[in-house]
Amino acid sequence: RSSAGQTERDLLVVDLRPWKSAWANKAGGGGFEGYPKCKLVFGGIDNIHAVRSAWRSMSSAVSNVVDGQVGSWMKDVANSNWYDYIGAVLNSTSLVVKEIL
């Protein structure tokens, strides 16, 4: 429904999975949203196990610094992939905010 002066646009649906995972799930009998007047966007965030592993790795890197083991901080943070997930969440959030505004 549109009010005077407003244009109709498709509803944004954000599926936080990578598109490859969504298509693999669809092939296995699962699926993803697909409706008329909807724009589907994938967020590229891996499954909870991968995210949890990244969180644990980042947490371990922080704990090492607190314990005075600073030497491998940059490598440990980079290897955790935690910032990759934070970036994916922020990208998806940005899409939603732009859609709302």
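Placed from the backbone N, Cα and C atoms, the Cβ positions cover glycine too.
As annotated by TrEMBL, substrate binding site applies to Asn47, Ile48. What TrEMBL records for 1-101 is domain 'Myotubularin phosphatase'.
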Using DSSP and collapsing to three states, where does Asn47 (substrate binding site) fall: helix, strand or coil? coil
Near the Cβ of Asn47 (substrate binding site), how many other Cβ atoms are there if near means within 10 Å? 11
